[in-house]
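Some notes on the structure that comes next.
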Amino acid sequence: MPGPTSAHTERISEWEPDPLPWSALRRRLRKADLLDETIAGAEAPDPDTLAIGGLTDDSRAVTPGGGFVAIRGVDADGHSFIDMAVDNGARLVVCEALPTRARERFPGVVFARVTDTRTALAEGAAALHGDPADELRLVGVTGTNGKTTVAYLVHHLLEALGETAGLLSTIKVQADGETTAPALTTPGPLVLHRTLRRMVDRGCTACAMEVSSHALDQDRVHGLDYEVAIFTTLSVDHLDYHDTLDDYRAAKKTLFDALGPDATALYNTDDEAGPTMVADTEARVVSFGLDRDADIEATVLEARLDGQRVRLDGHERDTQLAGRFNASNMAAAYGTGTALGHAPEAVADALADAPPVPGRVEPLRFEDGTTVIIDYAHTPDALENVLRTVRDTTPAKAALWCVFGCGGDRDAGKRPTMGRIAERLADRVIVTSDNPRTEAPVAILRDIRDGVERPESMRWIVDREEAIQAAADETMPGDVVVIAGKGHETTQTIGTDTRPFDDREVARRYFG
């Protein structure tokens, strides 16, 4: 029976930190103005000598002598699982509301009532792991689209310029050669600080990380002191979690509001939300954009499917990343590199050598001249960007195909819009499943169909593998096929079952 705040149980490495003295955590919570009250049962250990052997917000993961933080989550309230946590050996419980008759019911437990358990968990996680973020130059990237690519580019250029850097992204977590698969774009505080500690212990001096709106709203990155923060774009996404676009925008903005005067805030002038993001920041503000009056301008000089020649702040380079939006992403990374003190020429050279990001406009070429583009586009803005990019570089006599779907149990409002975009920009469209999760796949396709003017002109195939096979069977030599939505992902979730599925492997099987 669960006691966590979400469906994810994040994986943590085998390494365990030393026990955390409750007295030290208590001082920290007081300093942060979080601690309201401490009570102890008659059989509880002396609070002044109590040491916490681990900390968790999952009652199932509590170990004897450990601490449990009761989080009020989206799907469950951790306060309902205090009994389970104590049964599993918790000696400390951090909560926002004390259980009735706490001393009598839990005589062996110390209770700490705080104003915000999410923030308290972040403080505790940082303390438990020795504040590793203080030993790293942190770069945070937020935005609807572009986070992964910019984080990848920043990580690449820092490594190319001689720094040992870590990476926290949707695709992977990397610490000096050690790579793991993430459960979340931005992990919860316990996994986050443990990962940062691993980076420091492996010699990293910097970390490029994606910062999701969920992470900002849930205080997962509370207390992190970013040296550079980047805003990429804002478009409709995650409205299944954030009630409105304004709420979504406000969550993103908190990253910049928290920056100190020694930090740098980079924003995209091509997105109307950009100036709003940095309106209240104390940081130095630097803008970047495409052919705009920005501090850092990016211009596409020559477009290709396998890259482009760009001018970045006056530096012309051939690059391996295709698409105008990737020119913008490179400008963001360029601004980050120079903000961190690296020479502009060297930063431009490093970006020219950056390889394509897995599942982001990733080309697969076949012997008959057909090209398949694998892309993670799962929002209207991202789908339009990738289709426009590919359209601009598709030979005149070739057809542009789009195979896509929309995820289940996520913002349904974007589905008709994505159908409309695919119909407008592609010559042939096959609509299929993405990760339907617990929604009926046919219902998702029906939502997409609502935005389409001529649904009879499109193919509607629920099974994703069959849809990709159909595209392979019907394309002509030289055609270009965009398979959108899943990108780097190697699984597909249907119902509650997650099975292996990689668009790249399936495409190679049928197009090869």
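Including glycine, each Cβ sits where the backbone N, Cα and C put it.
Worth saying up front: this structure is predicted, and the values here are computed from it rather than measured.
Feature annotations, reproduced from TrEMBL:
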BINDING   GLY143, THR144, ASN145, GLY146, LYS147, THR148, THR149  ATP binding site
BINDING   ARG410, ASP434, ASN435, PRO436, ARG437, GLY485, GLU489  meso-2,6-diaminopimelate binding site
DOMAIN    53-97  domain 'Mur ligase N-terminal catalytic'
DOMAIN    141-335  domain 'Mur ligase central'
DOMAIN    359-487  domain 'Mur ligase C-terminal'
MOD_RES   LYS252  N6-carboxylysine
MOTIF     434-437  motif 'Meso-diaminopimelate recognition motif'
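Features per TrEMBL, on structure.
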residue	record	Cβ within 10 Å
ASN145	ATP binding site	26
GLY146	ATP binding site	27
LYS147	ATP binding site	25
THR148	ATP binding site	25
THR149	ATP binding site	28
LYS252	N6-carboxylysine	23
ARG410	meso-2,6-diaminopimelate binding site	20
ASN435	meso-2,6-diaminopimelate binding site	24
PRO436	meso-2,6-diaminopimelate binding site	23
ARG437	meso-2,6-diaminopimelate binding site	18
ASP434 (meso-2,6-diaminopimelate binding site) and GLY146 (ATP binding site), compared by Cα position, are separated in whole Å by 20
Near the ATP site, what residues other than GLY143, THR144, ASN145, GLY146, LYS147, THR148, THR149 in the same chain have a C-beta no further than 8 Å from the centroid of the listed C-beta atoms?
-> VAL141, VAL150, GLU210, THR232, THR233, ASN329
Rounded to the nearest Å - Cα separation of LYS147 (ATP binding site) and GLY485 (meso-2,6-diaminopimelate binding site) | 15
Which same-chain residues, if any, lie at least 6 apart from GLY485 (meso-2,6-diaminopimelate binding site) yet have Cβ under 8 Å of it = TYR376, ALA377, HIS378, PHE404, GLY405, CYS406, GLY407, ASP434
Non-site residues, in chain order, whose CB comes within 8 A of the mean position of the CB atoms of ARG410, ASP434, ASN435, PRO436, ARG437, GLY485, GLU489 at meso-2,6-diaminopimelate = HIS378, GLY405, CYS406, GLY407, GLY408, SER433, LYS486, GLN492, THR493
Please report the number of other Cβ atoms within 10 Å of the Cβ of GLU489 (meso-2,6-diaminopimelate binding site).
-> 20
Starting from ASN145 (ATP binding site), work out which of the binding-site residues listed here (ARG410, ARG437, GLU489) have their Cα within 10 Å, and give them in sequence order.
-> none
Indicate whether GLY485 (meso-2,6-diaminopimelate binding site) is helix, strand or coil by DSSP.
-> coil
Cα-Cα, LYS252 (N6-carboxylysine) versus GLY146 (ATP binding site), nearest Å, comes out at 14
Residue, out of the binding-site residues GLY143, ASP434, whose Cβ gathers the largest set of other Cβ atoms within 10 Å = GLY143
Helix, strand and coil residue totals from DSSP for the motif 'Meso-diaminopimelate recognition motif' (434-437) stand at 0 helix, 1 strand, 3 coil
Relative to the Cα of THR149 (ATP binding site), which of the binding-site residues ARG410, ASN435, PRO436, ARG437, GLU489 has the closest Cα?
-> GLU489
Among ARG410, ASP434, ASN435, PRO436, ARG437, GLY485, GLU489, listed as contacts of meso-2,6-diaminopimelate, what is the widest Cα spread in Å, to the nearest whole number?
-> 17
